[in-house]
Structures are given as structure tokens and as C-alpha cells.
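Engineer: Pulled these features from TrEMBL for this protein:
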| type | residues | note |
| --- | --- | --- |
| DOMAIN | B:23-286 | domain 'NADH:quinone oxidoreductase/Mrp antiporter transmembrane' |
| TRANSMEM | B:59-80 | transmembrane segment |
| TRANSMEM | B:92-115 | transmembrane segment |
| TRANSMEM | B:152-170 | transmembrane segment |
| TRANSMEM | B:177-195 | transmembrane segment |
| TRANSMEM | B:201-220 | transmembrane segment |
| TRANSMEM | B:232-254 | transmembrane segment |
| TRANSMEM | B:274-293 | transmembrane segment |
| DOMAIN | B:289-343 | domain 'NADH dehydrogenase subunit 2 C-terminal' |
Amino acid sequence: MSLLRITRLPSRRLLSSILHHQLLLPSITPLAVPKRAVIQGEYRRPGQPKKDKFPWQNINFSFSKGLEGIKKHFTLLKKEFTDHWVGPEGRPIVEHMLEQNRVVWEFRGPESLEEWTVSSDHEIGGHSEVYLKLGKNDNTCFLYGTLSSTPPRDGETRYSGYCTMRSKQPLASFDRKKHHDWSSFNTLHLRVRGDGRPWMINIVAETYFFHQKDDIYSYFLYTRGGPYWQDVKIPFSKFFLTHRGRIQDDQHPLWLDKVNTIGFTLGDKADGPFQLEIDFIGVCKDYAHTEEFAYEAYKRNPEV
Amino acid sequence: MNPYILMTLLFGLGLGTTITFASSHWLLAWMGLELNTLAIIPLMAQLHHPRAVEATTKYFLTQAAAAATLLFGSITNAWLTGQWEIQQLSHPLPTTMITLALALKIGLAPLHAWLPEVLQGLDLTTGFILSTWQKLAPFALLLQIQPTNSNLLIFLGLASTLIGGWGGLNQTQLRKILAYSSIAHLGWMILVLQFSPQLTLLTLMTYFLMTASAFLIFKINNSTNINTLATSWAKTPALTTLMPLILLSLGGLPPLTGFMPKWLILQELTKQDLAPTATLAALTALLSLYFYLRLSYAMTLTISSNTLTATTPWRFTSTQTTLPVATTTSLSLWLLPLTPAMMAILTI
């Protein structure tokens, strides 16, 4: 036999199957390209989306969308410039002075739903569902879904079961943050129709430090259920400061000149369907309400 | 706040400014500025509200950066010229660096971005100290520097008057309005710094009087936005009548005090063959005048729809001290006829 025949290399098909076998540790499906998550054996947390695309495959480069974006931002910039001549927030000062009630969010068409984000514990692997749609006759917004307090099976989460709806941060041109200035008002006015469940209203004001990014001012919204609408007026002085859901000892009043978002959260540990219908969310000035802050801060170590 | 601590901090504030006034060595001047910054930090944060702490942090960072740049500039000057004398700042590089550092300290455009946010986070008294006392020490240094870069100072001045006017146009928060007014006035002061430092000092003093009366009147009304200020007619009708005059004085209209510095500065600029600069400065002052007028319209010329729970609080005697308001208001309104006397005092 010649040397060439003895040292014959295995066929290409045999070689390639061995190569694939090493990469195919958990799954059987043949992979065209090795994925980092598979090779390195990353644990996918419950609720995280599956990583089956490389990061560069997620890019959608579209020239026309880019042009639209440029046009939109420059239009917003021009509008800001011209509004600056008119008055605060683009309205004459007389309007600002005479304003006593303002409807901030009103659900009268599909574009009003674009300003809101819904989420639930589905993100951490829970089983709640939440949906947002327009109510009858496009007159209200309808937040509904199912609450499930089964915790996700990740070994570290003990409690679960929440659903929330939160307004998006208002943005000026070029995606700069804009804030709601509610300093002429002192009460939040909502018209809701719930199903008897207790909700939490969360207001997020503008913060500066990274540690404050989860600072939320909260208060309760007890819905009465039934087919009747309820008008809820909550003074802003009643909102208390929480951080990551825990009430803080060091309480401060909510400053209304830079409010970012408002949200509604349900987490009442009662599994089952829920619904909340909101007609409008507004702010108003209650002249009879003179309280500045509802919670007293006592000195914890008074000098004697 | 504990009175001992308060006294210590106020003493520190006074000491810092005095040290800077009395110094002829750059290191001592820097030390005075740092002492000022550090003494006012606890006063700013005493409310402990997150926004107050944010304002304090922003103030500290900008002032520390400015002080570091100042130190670097003075060390560079010592390296290049071999001496630390404040009035002997001769090399252009350290002079420019120090001028910019002092501009950041006082809030001149384009280094003004911190001032409205910082003032907004503070209560009115601390904002008042920030707007008036904290400007003295940097100005003491600016007045002593021989400017080698004339264009820089004119640019800083014109940018400040423009940005102070433009930025204040749409504010409804009073502290931000006063911040932008401060920026605009500082612009006027810097414009004439290289030609006649006495005029800068005069403008600074009249600005202090007018701002003091504005802050004190806002403090008496306990108002921080236009809508609350609009209820002052029921609380203090006398002050409501005088406030438009003070605002017009801030805007620089004759025959009020605020006209005096503007007139003298425009005269000086014209004498120095800078008529276009003078025109531009006068035109940008119109922007500031617009928002002062709007404020006086909202406060005095309209009976606001914002009613009060008690209909006539002016019937009750107030326990607030009114002597500072009375003094500063009178001075900020009726000093114009004394212009020759003021000029004579300053040119000694």
C-alpha cells in the first residue's frame, strides 16, 4: 500500500459531523453559525427574550426612516423656537395665569395610546397578562388583563403578580427630555371606572443622581367597581416618596415643576382578571386645599 | 438649623469674601473663593429635598471646577512670569484661563447653564445670598486683572446679555427669571470691565440693590412662580404697586436707578469706538425688559383669578421684617439723580 492510502484523511462529511457534535451540546437542531449563548452556556432568565440573533443582525438600517426622523426633529426644533416667542409652553402668559384645570391625557384616538407603555411581571417570567386598548366609541382607554401571582421559576423570586401602565417620557426635539410643569396646580383629577381593586398611582419626578432613578411618589387609588364612573381627586401633597417600592423614612413633598411620568400599578395579590377604564387624567387647582405636605418628618435623634 | 452652625457658616461666607478682597497673592485669593463655596454648601442643602441636594451638587461641581482652573491659571502665570501678584497677570494664556474660570464662577454665558437650575433648587434666602454675596469675590479678582484679550470679554458680555434675555423669556418660575436676569446684568458688567472698572463696580452695586429688593419682595409674598406672585395684591398692596417699578429698574428704564449703569456703559462703549457692540447690548436688553414687563403685568396690572382662601390678608399686620425691603427698594428706585455723586465717589 502506498503511504498516501494509509494516511488517507477522513471524508469531509465525517469531519463536519464531529465538529457539529461538539457545538450541539444542549440542542439537536443543526446550527448554521455557532451562537455565543449556546457555546458559553448562558443561563436565560425567565422573561428575557431568546437570544438567537447576533447583535448586528438586529440592525434595521432604513434610509427613508432616517430622513423622516431628521424631518421630524427639525420640525420640533423649529416649533420650539417659534413657541419661545409666544409664551411658556407655547401658550400666551394669559392662558398660563388663567389656567385652573388642565386635561393632560385624554384617550380619544389610537394616537393617545402611543403615549403609554404597559408591562407586567411577564418580563421577569411571571404569568400575568396586560393589554391596553381603546374603550367603547374611542372615548376611554381600557387596561385589562389577568393577574397571576405565581412566581417565576428562577429560584430567587419569591413574589410576583403586578401589572402596570405608565406614560412615556415627553420628548422635545432630538429626543431631549421634556418635563410636565404642574406648578400652578395642586390636585390630580382622574375619571376612572375600575373593578373594585386597589391601584397605586406612581408619579416620577426628574432626578439627578443615579441612585434616585427608582424614586417614585405614590398614592393609592381605590376603585369602586360597578358600572358607575368615579371622579378621583388626589392632592399632590398626599404623595409619599418610595424607592423601588419601599416607603422611605425621609419623606419629601413632590415638586411639581419637573414631572416626568405618571403610572398606575396593580399588585393586590388577588389572582384573576382585572380591568381599569380611564376617561381622562388632568390636574387642577383646588383653592381649598392649603396643605403643603401630608406627612410630618420628626427628628429621629432630637437633642435634649 | 442649629444657630451655632448657621453663624459659623455665615461667618465663613463673610471670611471667604474678605480674604479674597484683601489678598494680593493668587493662592490666598483662591483660598477665599474655596472658603466661600464650602461655607454656602450646607446652607444650600439644609432643606434636604432631593432637588436642593441636586442644586448643591451642581453648584459645588461648577465652583470647584472653576476654582481648579483658577488655580491652574495662576500657577501657569507663576511658572511663566515668576510671580504671584494678582495685578501683575501679564501672559495671555493664564489671563484667559483665569478670566474663563471667573466667568464660570459667576455664571456668565456661555458658562451659565448651571445658574438657573441651581437657583431653582434653592429657597429664596439662599438664592439671594448666591446671587449677591457670592458674586463679590470673583468680581474683586476680575476688577484687578489687566485684560489682554479684549475680544473675549466683549464676547462674554454680549453672549450673556443675549442668553440672559432669551432664556428668561418663557420662565414662569421666579427664581429662574432672576437667574437669567443675573446672567444678563453680569453681561453688562463684563462689557465695560476693560474700559472702566469703576463702571463695573457701579453696575454690580446697583444690581445688588435691585436684586435684593426683588428677592426680598418675593420672600415676603412667599411666592416662587408667577401665579402665586399674582396674589400679592391681596397681601401687600404697597409692595404690589412698587414691584413694577423695581422690575422696570432691573430692565434699565429711566428715571429709575437701573438706567444709570446702562447709560454710563453705553456712553463708555461709544467713547471706545464700539458703537455696534453698544447697539447690540441695548437691543438684547429689550428681551430682558420684556420678561420684566410680563412679570409686572402678571403681578400688578391684572387682578388674578387665583383667589386666596382669606380675602383680605393685608388687613393683618405682618411679623416679617420690612426694613431691608424698604431700604433696598428706595435705593433701587430713586438713585438716578445722584449719578454725578456716584461717579465722583467711584473715580476717586
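Note that the numbers count up from 1, one per residue, in the order the chain is shown.
Each residue, glycine too, has its Cβ placed from N, Cα and C.
Describe each of these features in terms of where it is and what it packs against.
Structural biologist: Note on the transmembrane segment (B:59-80): residues 26-27, 29-30, 33-34, 37, 40-41, 44, 89-91, 93-95, 97-98, 100-102, 104-105, 114, 118, 130 of its chain, located 6 or more positions outside it, place their CB under 8 angstroms from a CB of the stretch.
For the transmembrane segment (B:92-115), the residues of the chain that approach it from at least six positions outside its boundaries are 33, 58-59, 62-63, 65-67, 69-70, 72-74, 76-77, 80, 134-135, 138-139, 141-142, 145-149, 152-153, 156-157, 159-160, 162-164, 179, 182-183, 186-187, 190, judged by C-beta separation under 8 angstroms.
When Cβ-Cβ distances below 8 Å are used as the criterion, the transmembrane segment (B:232-254) is approached by residues 181, 185, 210-211, 213-214, 217, 220-221, 223, 261-263, 285, 288-289, 292-293, 295-296, 299-301, 303-304, 308, 311-314, 318, 325, 329, 332-333, 336 of the same chain, each at least six residues removed from its ends.
When Cβ-Cβ distances below 8 Å are used as the criterion, the transmembrane segment (B:274-293) is approached by residues 154, 157-158, 161-162, 164-166, 168-169, 171, 177, 180-181, 184, 187-188, 191, 247-248, 250-253, 262, 265-266 of the same chain, each at least six residues removed from its ends.
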Engineer: For the domain 'NADH dehydrogenase subunit 2 C-terminal' (B:289-343), DSSP counts of helix, strand and coil?
Structural biologist: 36 helix, 0 strand, 19 coil
